[in-house]
Ligand SMILES: O=C[C@H](O)[C@H](O)[C@H](O)COP(=O)(O)O
């Protein structure tokens, strides 16, 4: 049985998701995010498509693509669309003030970043637990790495000062992303961490494909609250 707390979180996610999906206009090219909040967005988009909304969409993960197809959302790809009007996605952490994000705990950060970068606007839908004062205060930072020589990449990340651990599945194997890479979870220093400089350092590390810091990319954040929604 689900707890009152998880029911409240689910309701908050749904409220944010419904508001976010309502921002899509007829004729738009839309990026569909990944994770549990994005799944609610996709459900709502599917409902609107069934009612006649005409859009083309690109998904940020195999799971979101599958759900969108089941709901008969017209899906496209970057061979046919070079620009998206709006992407709606979730986040693991949203830093108050800067709207900097940590993303990727669902393992989808690389495609999410590619889709967000191709998008005119990035709308993030979250429940209130995702708001933080300091990035990394609740979640680690997922960093996507090439499997070959990942041991050496983890060592380089540790040498940079990040406590780093390879993400494993429940059956003890390395977690593999949709792009066939591994994920390393890095602990962000909680004092004096410069997200922009840190992001550049991570990006410049051999073996790193991408990291889950989304900086200066967010247009708006919608937070589902018990009494309604709040938009930042
Ligand atoms: O890789 C996963 C994504 O970045 C998700 O958007 C993020 O983990 C948030 O997921 P959820 O809405 O399930 O909390």
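Every residue, even glycine, has its Cβ placed from backbone N, Cα and C.
Fair warning: this is a prediction, and the values are worked out from it, not measured in the lab.
Other Cβ atoms within 10 Å of the Cβ of residue 130 (substrate binding site), summed over all protein chains shown, number 24. The annotation substrate binding site is assigned in TrEMBL to 34, 35, 36, 37, 89, 90, 91, 92, 103, 104, 105, 106, 130.
The annotation active site, proton acceptor is assigned in TrEMBL to 112. Residues within less than 8 Å, Cβ to Cβ, of residue 112 (active site, proton acceptor) and separated from it by at least 6 positions along the same chain comprise 33, 34, 60, 61, 89, 103, 104, 214.
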Other C-beta atoms that fall within 10 angstroms of the C-beta of residue 91 (substrate binding site): 29
Which of 103, 105, the listed binding-site residues, has fewest other Cβ atoms within 10 Å: 105
Other residues, Cβ within 8 Å of 34, 35, 36, 37, 89, 90, 91, 92, 103, 104, 105, 106, 130 Cβ centroid (substrate site): 33, 38, 108, 112
